[in-house]
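As given in Swiss-Prot:
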ACT_SITE  T7  active site
BINDING   G162, C165, T168  Na(+) binding site
Amino acid sequence: MDSYHGTTILSVRRGREVALGGDGQVTLGSIVVKASARKVRRLYKEQVLAGFAGATADAFTLFERFEGKLEKHQGNLVRAAIDLTRDWRTDRVLRRLEAMLAVADRDTSLIITGNGDVLEPEHGIVAIGSGGAYAQAAARALLAHTTLGPAEMVKKSLEIAGDLCIYTNQHHTIEVLTDPEPVSQ
């Protein structure tokens, strides 16, 4: 198995709220070595959600680098993502890292790849990893046909992905950012 794809990370945005979640399974080839890994983190003053699919050590390196870019760009998600991919493409060590990041703040959701891609997917849904397509399909259906909030959609979609993808389990970590309602005067 290519470690690059062995997980499911999903982010859903609706209204003034965004949720990002992932499963907890870590595999080494065809063996489950951990069922409760935490692949989703809060970065930059708790204002950015990030999840990874890929090699665990590589992902921690990328989280650290990305948080540094967020600090450098004062929390500007898009500028930090572009800066990270520039380094990722050109640095000899970073170029070998096998991971993808799904990141979101209150305004934007992105996929960041080692190929230098910074993608803002349609419909406010980001999905990466081996179960990503299953989770994305479920989330699109839930977004279109229910009034569920983002956290509930992420949970239900990850459950569906876990039922279908052998590299995804039912141990979920879900983080949520809510933009407070503007104060009316």
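Glycine too: its Cβ is placed from the backbone N, Cα and C atoms.
Rounded to a whole number, the C-alpha distance linking C165 (Na(+) binding site) with T7 (active site) is 9 angstrom. Cβ contacts within 10 Å of T168 (Na(+) binding site), excluding its own Cβ and spanning all protein chains shown: 29. Mapped onto three states, the DSSP output places G162 (Na(+) binding site) in helix. Taking CA atoms as the reference points, T168 (Na(+) binding site) and the residue listed as 'active site' are 5 Å apart. Most other Cβ atoms within 10 A: among the recorded positions T7, G162, C165, that distinction falls to T7.
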